[in-house]
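Q: So that we are looking at the same thing, I have put the structure below in structure tokens.
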């Protein structure tokens with residue numbers, strides 16, 4: 001057994017401070033000027049340019065826009081997404097308890113604003129079912145279906161629908177103010193720490209609420225909108241009491257729509273690699289339903305509730321109602337959090353896939369401004385829907401030019417051809433909403449997995465889901481936890497086995513390529529981005545995908561004979577242009593460990609590669625994580641690092657037994673990476689990666 005011996009003075013805190021000089025750090029100060037508050041303010045041309053690019057991200061990607069290669073794809077994507085946005089806008093308006101055409105406003109104004117301010121090139125901005133339902137809960141609380149509305153100044157002389165529009169616009173405006181404020185204060189990181197478990201349980205509960213809310217349209221029943229604790233129970237009671245009054249035409253139409261849409265969506269998913277674009281089955285079925293309803297006069301002959309009159313054009317803008325602000329502040333905050341968290345999660349997926357960076361704080365500013373301006377023109381809360389964003393990306397969308405074109409399609413419907421949708425049965429919209437809930441409802445399959453891997457996490461999922469179902473979405477979100485990560489970068493105090501904050505001391509020893517962090521909160525899906533960016537300094541998944549793409553290219557060139565093995569390594573012998581493959585059909589393969597078994601040489605990723613292949617450098621070879629205060633962690637964060645050849649060592653004896661019991665370890669994540677102390681881990685690293693330097697003064701092994 002290897003040993004090390006420590007010889008150093010016995011330190012009290014005061015004695016240690018006397019021997020080892022601390023660095024006095026200067027913190028940012030806030031200075032009050034005549035014009036207001038200034039935080040270390042200074043400005044020059046370069047900073048002004050960077051500020052403009054940061055605040056208006058579209059300038060950055062417009063400068064690199066490849067007109068010939070991207071424009072046609074953006075046009076196809078924009079038209080496809082626009083048609084889906086029209087349909088979903090009408091459908092999600094019903095969730096918000098508003099007349100259907102206000103969903104068209106939500107699919108237009110926020111999209112225009114996001115085009116200029118957003119950093120994601122692929123998400124489709126507009127109505128999101130969970131947010132729409134949360135807006136609907138506020139609307140029906142202040143303007144109920146049965147009984148008088150809440151006494152609010154400004155309601156006088158307005159119809160019930162106009163009162164509801166005022167409520168929805170005002171709460172959306174307040175939600176936008178909250179998002180914009182968080183973005184300007186650079187506190188977007190707070191929203192990112194909603195754990196994956198929490199979000200999954202919450203969205204599953206939201207899907208249940210949405211399903212129940214659409215039953216009245218599917219069955220053709222008149223059921224008042226309810227809100228508050230146990231509202232879902234009372235709604236089901238009112239539905240089953242009058243179940244014998246079900247409109248058979250509505251029910252048959254809904255079932256037919258759901259079956260056809262579900263089958264075609266499964267075909268789209270199964271054959272997505274072979275289909276040039278997904279079959280727009282929702283749009284097709286909506287057109288057919290409109291035609292059949294008009295031909296057989298469903299509204300008169302079968303008493304079917306239809307969309308009805310859709311006014312031509314846009315309405316005059318209006319300001320928010322301050323009294324409604326006071327009534328809805330409690331609901332507006334969780335709406336702001338959920339709306340951004342969902343949109344940011346979807347944006348992250350596409351940014352990783354297409355290799356660009358999104359800014360969480362700028363996204364908050366973009367959605368805040370989108371909701372504020374949208375609310376002024378009577379749209380309701382906007383975020384993104386995964387299904388609509390998937391259409392925009394899968395049909396070839398490259399930038400938000402596709403989003404802008406989708407808004408133009410919505411505008412054409414609003415200004416010119418909206419009357420064609422007037423005979424559309426509301427049961428069709430309800431059926432479309434329900435069939436799109438599949439992804440959220442199927443999240444319940446996570447429960448058995450969580451029970452086996454991490455029971456506290458499983459309890460969080462179940463409690464979140466049940467609380468959100470029974471108490472309502474706003475209260476349900478309030479009864480569960482969210483953890484905010486803090487971290488401390490540590491280093492060795494020269495000549496000792498003591499590790500302190502590297503920013504506080506001058507006599508420190510930092511081996512090149514080694515990083516040490518103490519993290520007091522769990523590593524899981526929600527804070528993996530924080531873990532990657534702030535601690536490691538790079539995104540390991542992005543690096544892994546770049547490396548695997550590079551290996552694909554090297555194999556391709558070797559097979560063609562354009563690349564040969566020499567004594568100096570791989571040599572490009574072709575003088576022609578090398579085109580990088582855009583094939584994204586095997587994205588799963590890019591996430592696997594790099595495989596050199598069929599190559600004549602192992603690639604040194606930090607050296608210059610042939611054929612102008614560029615892969616981000618990784619200057620860290622070892623990472624020590626002090627998890628002594630952590631109760632659980634997510635294995636995926638560690639695997640990503642290991643697959644890019646970063647050795648991970650963990651100090652966390654407290655959770656070692658728990659990790660063994662839940663089968664945490666495998667061929668990549670092994671128990672041998674766990675050490676008793678930071679110093680044990682450091683000495684192990686120094687043995688594997690010797691540092692030949694006279695300045696190396698760390699307690700040596702004997």
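Cβ coordinates come from backbone N, Cα and C, glycine included.
From TrEMBL, here are the annotated features:
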- 504-644: domain 'STAS' (DOMAIN)
- 71-95: transmembrane segment (TRANSMEM)
- 101-118: transmembrane segment (TRANSMEM)
- 125-144: transmembrane segment (TRANSMEM)
- 192-211: transmembrane segment (TRANSMEM)
- 217-236: transmembrane segment (TRANSMEM)
- 248-265: transmembrane segment (TRANSMEM)
- 277-296: transmembrane segment (TRANSMEM)
- 332-352: transmembrane segment (TRANSMEM)
- 364-381: transmembrane segment (TRANSMEM)
- 401-421: transmembrane segment (TRANSMEM)
- 427-447: transmembrane segment (TRANSMEM)
- 459-482: transmembrane segment (TRANSMEM)
Q: To the transmembrane segment (427-447), which of 71-95, 101-118, 248-265, 277-296, 364-381 is linked by the most Cβ pairs under 8 Å?
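A: Maximum Cβ contact count belongs to 248-265.
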Q: Same chain only, please: residues at least 6 beyond the ends of the transmembrane segment (217-236) with a C-beta under 8 Å from a C-beta of the stretch. Say none if there are none.
A: 94, 97, 136-141, 144-146, 208-209, 242-243, 245-247, 249-251, 254, 303-305, 426-427, 429-431, 434, 469-472, 475
Q: Examine the transmembrane segment (364-381) against the transmembrane segment (125-144) and state whether at least 3 Cβ pairs sit under 8 A, considering only residue pairs 6 or more apart.
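A: Stretch pair touches.
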Q: Any chance you could find the range in 125-144, 248-265, 332-352 with the most Cβ pairs under 8 Å to the transmembrane segment (71-95)?
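A: Answer is 125-144, with the largest number of Cβ pairs below 8 Å.
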